[in-house]
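Reviewing the structure listed below.
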Amino acid sequence: MRSQYCGDVNKSHVGQEVTLVGWVNRSRDLGGVVFLDLRDREGIVQVVYDPDLPEVFDVASTLRSEFCVQVTGLVRARPDSQVNQDMRTGGIEILGKGLTILNSSAPLPINMDKNQHNTEEQRLKYRYLDLRRPEMADRIVFRSKVTSAVRRFLDDSGFLDIETPILTKATPEGARDYLVPSRTYKGQFFALPQSPQLFKQLLMMSGFDRYYQIVKCFRDEDLRADRQPEFTQIDIETSFMSSEQVMAKTEEMVRGLFNDLLNVDLGEFPKMTFAEAMRRFGSDKPDLRNPLELIDIADIVKEVEFAVFNGPANDPEGRVAVLSIPGGAKLSRKQLDEYAKYVTIYGAKGLAWMKVNDLDQGMEGIQSPVLKFLSEDVVKALLDRTGAQTGDLILFGADKANIVAEAMGALRLKAGEDFDLLQGEWKPLWVVDFPMFERTSDGGLHAMHHPFTAPTGISPEQLEADPTAAISDAYDMVLNGCELGGGSVRIHNSEMQSAVFRILGIEEEEANEKFGFLLEALRYGTPPHAGLAFGLDRIIMLMTGASSIRDVMAFPKTTTAACPLTNAPGFANPAQLIELGIEVIENQESKEEQA
């Protein structure tokens with residue numbers, strides 16, 4: 001039905017007859033000539049109909065937005081004065097000779113102009129229309145190019161594309177599972193996988209030493225801009241490769257994607273330990289475009305007569321750190337109060353500040369509500385430590401170390417945006433040497449990555465003797481403050497795996513019930529293996545500049561995990577529930593909603 005895509009017509013086709021199909025993006029009658037912008041997934045081209053062909057012209061005059069049409073015409077160059085530099089096809093146009101309406105369109109329920117706003121609910125309800133818009137179509141096409149490039153790279157590197165089950169068993173991976181009832185085993189449930197973690201490890205045990213899969217995963221968790229209940233991973237696992245080799249191979253893949261698809265050279269990725277990232281940036285996924293760093297000052301304020309500072313400064317689990325913001329002294333008291341309110345979201349009790357109004361005036365040039373608690377020597381030491389200059393602002397965080405890191409790390413990002421401090425377009429890095437475990441709110445231990453991650457260089461006995469000192473052989477790839485992917489060397493013997501389960505409070509009976517198949521498999525010559533999983537949606541979001549992963553998925557869910565297009569989720573047929581042996585118990589809230 002067509003000779004090429006609309007967006008592919010160019011000056012090399014001048015003088016040729018082409019046949020195109022697509023949708024009417026815009027139609028206008030200017031002085032007896034109809035100008036038609038025809039759109040398909042590859043772009044937009046201008047078609048011109050004049051009255052010399054009255055039958056065709058009359059049909060063209062009836063066209064409205066989103067009519068689906070077939071066009072035949074002659075490609076001609078536009079006059080220099082009419083060239084549209086904003087269009088890929090802006091140097092040519094089609095002189096229309098034929099026109100067939102393949103389908104008309106009802107009045108549109110959403111606005112297709114990119115400059116007009118539609119609510120997200122409207123966009124998702126009429127997603128098939130929303131996806132016709134060039135910015136959305138471009139992202140979906142780009143996504144396909146990324147997955148094709150990933151497959152080519154991994155295929156060429158000897159990896160095998162192997163599918164793993166979707167109906168599987170619940171595993172403790174940090175989020176709630178989506179459960180699927182079994183009809184044949186009444187009262188029992190499958191779980192949709194949060195990742196193919198255990199199956200890809202079993203594939204290593206099966207001898208398939210290089211595996212990958214572009215796979216759907218499911219997590220029933222609270223949603224944010226970068227979260228969806230179903231999402232796509234680039235899942236990779238290898239045998240007989242060290243963490244350094246896995247990082248090198250996957251870095252090569254990502255650098256290739258950016259180079260081939262965006263013409264961007266990311267360069268070699270620097271490595272940073274978890275401890276350094278938390279100390280300098282308050283985050284294990286630091287945005288290195290932001291030049292601000294957390295500066296420790298506990299040693300300076302240990303002796304001050306101000307409990308807010310000296311308490312955490314003398315507490316082994318406390319921390320006192322500052323951010324020095326160039327030009328920040330111009331902030332009003334109201335703006336500083338907003339910053340103070342902002343850090344309370346992350347557990348901080350408040351935010352002290354100091355303005356350096358005039359460095360040459362000594363203490364007279366310093367303004368701060370806590371200045372009365374600080375001696376001139378302390379203030380001088382603070383200024384020396386931070387390198388603050390006239391016009392700068394110093395913000396203080398003092399609390400437990402984890403609260404200071406989280407609150408000041410978040411404030412660092414906010415200040416970087418507010419003061420337009422971000423430098424460079426792309427700043428990748430590897431974060432390595434994570435702790436094996438972290439403390440939970442009830443004082444227990446939780447695996448920082450997952451319970452199948454191997455520690456670095458210790459025995460099971462040493463691990464159990466001091467689990468909080470253990471460092472995992474894990475690594476995260478971070479770009480512009482977003483975690484692109486994370487992975488680790490896996491535990492490959494049953495003694496170490498059992499030790500980790502015991503540390504996590506998983507007793508032998510529970511371990512055998514949930515992971516008996518894994519512990520059994522580990523007894524039969526399991527090779528050393530390691531892997532990594534990338535969040536495909538997040539990679540596409542970053543590469544296309546989208547503000548949400550919902551804008552790079554064809555049919556995403558809302559932030560409440562619903563689909564306005566299909567009205568999913570919905571109520572099940574009572575007969576199906578009976579067959580499954582399920583009874584729905586209504587809570588008071590749902591009864592009130594139905595009333």
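Glycine is no exception: its Cβ is also placed from the backbone N, Cα and C atoms.
What Swiss-Prot says about this one:
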type	residues	note
BINDING	GLU173, ARG219, HIS449, ARG490	L-aspartate binding site
REGION	197-200	region 'Aspartate'
BINDING	ARG219, ASP220, GLU221, GLN228, GLU483, GLY535, LEU536, ASP537, ARG538	ATP binding site
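Distribution of Swiss-Prot features across the structure.
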residue: ARG219; record: L-aspartate binding site; Cβ contacts under 8 Å, 6 or more apart: ALA175, ARG176, ASP177, TYR178, GLN194, ARG227, PRO229, PHE231
residue: GLU221; record: ATP binding site; Cβ contacts under 8 Å, 6 or more apart: ALA175, ARG176, ARG227, PRO229
residue: HIS449; record: L-aspartate binding site; Cβ contacts under 8 Å, 6 or more apart: PHE434, SER472, ALA474, GLY486, SER488
residue: GLU483; record: ATP binding site; Cβ contacts under 8 Å, 6 or more apart: LYS285, ASP476, MET477, GLY535, ARG538
residue: ARG490; record: L-aspartate binding site; Cβ contacts under 8 Å, 6 or more apart: GLN201, MET204, PHE452, THR453, ALA454, HIS529, ALA530, GLY531
residue: LEU536; record: ATP binding site; Cβ contacts under 8 Å, 6 or more apart: ARG143, VAL146, THR147, ILE214, PHE231, THR232, GLN233, ILE234
Assigned element (helix, strand, coil) containing ARG538 (ATP binding site), judged by DSSP: helix
Recorded ATP binding residues, ARG219, ASP220, GLU221, GLN228, GLU483, GLY535, LEU536, ASP537, ARG538 - maximal Cα separation rounded to whole Å: 20
Residue distribution over DSSP helix, strand and coil in the region 'Aspartate' (197-200): 4 helix, 0 strand, 0 coil
